[in-house]
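Asks: Here's a structure for you.
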Amino acid sequence: MHPHRDPRGLWLLLPSLSLLLFEVARAGRAVVSCPAACLCASNILSCSKQQLPNVPHSLPSYTALLDLSHNNLSRLRAEWTPTRLTQLHSLLLSHNHLNFISSEAFSPVPNLRYLDLSSNQLRTLDEFLFSDLQVLEVLLLYNNHIMAVDRCAFDDMAQLQKLYLSQNQISRFPLELVKEGAKLPKLTLLDLSSNKLKNLPLPDLQKLPAWIKNGLYLHNNPLNCDCELYQLFSHWQYRQLSSVMDFQEDLYCMNSKKLHNVFNLSFLNCGEYKERAWEAHLGDTLIIKCDTKQQGMTKVWVTPSNERVLDEVTNGTVSVSKDGSLLFQQVQVEDGGVYTCYAMGETFNETLSVELKVHNFTLHGHHDTLNTAYTTLVGCILSVVLVLIYLYLTPCRCWCRGVEKPSSHQGDSLSSSMLSTTPNHDPMAGGDKDDGFDRRVAFLEPAGPGQGQNGKLKPGNTLPVPEATGKGQRRMSDPESVSSVFSDTPIVV
């Protein structure tokens, strides 16, 4: 007879068997999921230096770091991985032959924080290329062949902190990347060294806060030499910014196809850099920022009299705003002097001093300035109109001048005479003979009544009015005479 078996014992073994089978399945799945060309260690997959032409398939979904560097990858398509890798935070694709990246290639890795695309063959960065990487913090693109960067290539990357674009062929400075509060509000490092930048937006760079300029690397570029460039980098040197202090010898510019160090432009006769003071007028409202090299620092302001500036205005016109700036309301002359900002951070402390000069007068309002400008403009327009009228609308007397009528002898001028074109007589001829020529002597009469010789007044003198002569005789002051002589000497005609 067979012994009787209690079915309750079998039911007690089922949970243990199920747990054992689950552990075996999980262990087997982990072993099977690791690609043959990769080395797997927990959630790290290293597939580097395997000469892979494509990304391995069946990547584990729990992968946190994927190293595909030093392979033969040439294109990164949208379907490069069929598995959505939501836990992947680091992707290394350096030292491949990548020349194309799909705009949807990063959709399967939305939580990526570190992306290395350096040492490839990328030539352009198209719009919205990295828009799916909204939490990316570090992006390496150095040592490619990038010539063009689309203005929208880095849209929707509000968490990006470090961007490496050195050793490319970029010729346009991407100003949209460094404007405070623009596309990349947390960007603290932008490496544009060893490119083909010639011109920089110098006025815009001067306005950038120190924490951005501290990580803006521009060395090894063929910049155009000028004094404004020298002033810019001299200010950065004065502030001890890392982007200048770490690469002083590599900051050069081009002039006449020759390289010159930016800090040695004596041939341009650039003036020595001096830190400028803040200037204000009576009654102005002024904000002075504590321009630190790091963000998120605690700031304390001290007045020229070594008194701490409070957050709220108590006595006086100065206070500290919420962002640590010095706020002046209704500036007074006694507010002038040197103010000191003490900035304290977790790993870094900084001390800044700024000088304020207050002019003892007020500026004109905007309406006065506009009125003055309007008056000047109207005056200039009227002047131009008058000049045009004078040049083109002045009446010409010759147009309306009729046939000249002979005037009376009373209207003739008696202060000129005509030199006759009759041939000269022989002065050596004797006797009273005239040799067929009339000889007449004309005396110049005074120009007006009461004038004598040389314009001297002779009271009581009057001018005789000559009688009418024959019709064919030429008048003494004919306007058509060849010449007129103003002299008291008798002229033989």
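Just so you know, glycine gets a Cβ as well, placed from its N, Cα and C.
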Asks: Looking at SER171, SER420, SER477, SER483, which residue has the phosphoserine feature per Swiss-Prot?
Replies: SER477
Asks: Looking at Swiss-Prot, which one of CYS227, CYS253 makes a disulfide with CYS225?
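Replies: Disulfide mapping in Swiss-Prot sends CYS225 to CYS253.
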Asks: Looking at the disulfide bonds in Swiss-Prot, identify which of CYS227, CYS290 pairs up with CYS270.
Replies: CYS227
Asks: Quick one: which of CYS34, CYS38 does Swiss-Prot link to CYS47 by a disulfide?
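Replies: Disulfide pairing in Swiss-Prot: CYS47 with CYS38.
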Asks: Which cysteine out of CYS34, CYS152 is the one Swiss-Prot pairs with CYS40 in a disulfide?
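Replies: Partner cysteine, according to Swiss-Prot: CYS34.
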Asks: Using a 10 Å cut-off, grab the number of neighbouring Cβ atoms around the Cβ of ASN349 (N-linked glycosylation site), all chains included.
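Replies: Around ASN349 (N-linked glycosylation site), other Cβ atoms within 10 Å: 13.
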Asks: Can you tell me whether DSSP puts ASN349 (N-linked glycosylation site) in helix, strand or coil?
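Replies: Once the DSSP labels are grouped into three classes, ASN349 (N-linked glycosylation site) ends up as strand.
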Asks: Would you kindly give the Cα-Cα distance separating ASN349 (N-linked glycosylation site) and ASN264 (N-linked glycosylation site), rounded to the nearest Å?
Replies: 31
Asks: Quick check for the class: what is the C-alpha distance, in angstrom and rounded, between ASN72 (N-linked glycosylation site) and ASN349 (N-linked glycosylation site)?
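Replies: So the Cα of ASN349 (N-linked glycosylation site) lies 47 Å away from that of ASN72 (N-linked glycosylation site).
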Asks: Would you count the other CB atoms within 10 A of the CB of ASN264 (N-linked glycosylation site), including those on all shown protein chains?
Replies: 9
Asks: Which of the three DSSP-derived classes (helix, strand, coil) applies to ASN360 (N-linked glycosylation site)?
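Replies: Reduced to three states, the DSSP call for ASN360 (N-linked glycosylation site) is coil.
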